C-alpha cells in the first residue's frame, strides 16, 4: 500500500531552508508514530510531499487513521502507483479503478502532472473523462459539484491512481516550535487549548494542580494521555502533578474572600513558571477565555500575568463556550470534560472582577510562600507513556450512603465561610465541622471508633476526600448524599 502525504500550505511558503527543516521533522514524526503499526514501512520525503509505503495490508486503516492525526499534514492520498505508456493507457487503468464508483453518478476528472510529457494536464482530463463517459453508460460528466471526482497524478512515467483522499489536521509538525507547559484541569478549555498548541507545532507538556485526591488526578491523567496518544505521540512529554491542597488551605484561611480567585491563579502561575524553568520550557498555556469567569477579565488577567516573566499563551481568549465545546467534541475530549469533577470548596462568594494590585499584594503578604515552594519541590513528574498503565489501576471505591447508623457522624468538610452561611443540621445525628483542606493533618485526631460520613454541597469534594483518606489507611469513611 502507498500513501502520499501533502504538506500543510503554510509549510510550502516558507524559505527553502525552513521548508526542508519542517519536512525533515514531519518525516521523523511520521516514522515515530507509524513504527508501532508496521516496522518495515518506508517513509520517503520529497520537496512537496512525503511517501509512506507499507506491506502489512491488515494495518491499512490504522495507518491511514494515524496519518490524519499527525500535525503538519494537510491531506493524505491513498494511491496505487503504476507505470503507463500513453494517454490511452492512463484511461484504461482509470476505467478499471473507477468503473464501479462511477455507476449512476456524475463525475469529473482532475489531473496533476509533473515531468516532461507531450500532453498537458487538461489533455489528460479531457481524454480520460471522455473515455469514462463513453464506456460507463449510467455515468455523466458534471464539472461543478460532481458526485465523484476522479483524481489522477502523473509523474514522469508513473501514474498515481488515487483511491481515496483523507483530510489531515493541518498545522505545523510537532518539534518545529519550542516546548510549552499546559495547565490542564481536564475540562473543556484546557484540553482544547493543549490541542491547539500541538497543532501549531509545539511539544506540549502537562501541569496539573491537584486540589483533592487521586480520583481527579487519574481523570486528568487520562485526558492528557488521550491528547498525547491521539495527536502528539511522536514525542515524549512530561505530566507534572502538584499537590495544591496545602496552598488552597492557606488561601482559604488567610485571604479575603473577594481576592481568592485571582490569588489562586497567581499562585498557579508562579508554581507552573518554576516547573517550566526547571525543564527549559518557554511558555505556559491556559484555557482562559475573556470574560468567561470573574478571574478572566482583562484587569485580572493582567494581574495574573504580572507574577511571572514566563510567556502565557491563551489560544481560546476570544472563543465562546459553545465554540470550545464543539472543538472538544471534534477532538474527542468532550466526554472526559463532562464527567470531570468541579470543586465546591474553592469558590469565592463575591469574587472581584477588577482586582486592585495593591490590595492583591497586601493580601499575599499574609500567605506563607514556603508552602508554595514546598509543593513545587515535591511535584510528581511522570513520563506520559507510563500513564496508560497507571490509570488502569483501580481507584479505591468508597461507599455512598443516604442514611446513617448509631455509630455514624457526619463530617461537614466545606470551607468555614460556607458552613457559617449555611450551617448543616441533620436530625438524629451529630455533625462535626472540619474543612477539607485540614483533613490531611487533622482527621487522625478524630475518634477512629466512629464511622465518618463526609458531606459537601455537590458531593464531589466529599468523594475525592474520602478516596484520599482511604488511600491513607482510614477505612472508617463514607460519603453522605441524602
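Don't overthink the numbers, they just go from 1 along the chain as shown.
Just so you know, glycine gets a Cβ as well, placed from its N, Cα and C.
The model shown is predicted, which means the values in this text are computed figures rather than measured ones.
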- Pick the one from 163, 254, 265 that Swiss-Prot also lists for the ATP site with 183, 184, 287, 296. 265
- Could you put numbers on the helix, strand and coil content of the domain 'THUMP' (61-165), residue by residue per DSSP? 38 helix, 38 strand, 29 coil
- Message: Over the span of the domain 'Rhodanese' (404-482), how high is the average pLDDT in this prediction?
- Response: 86
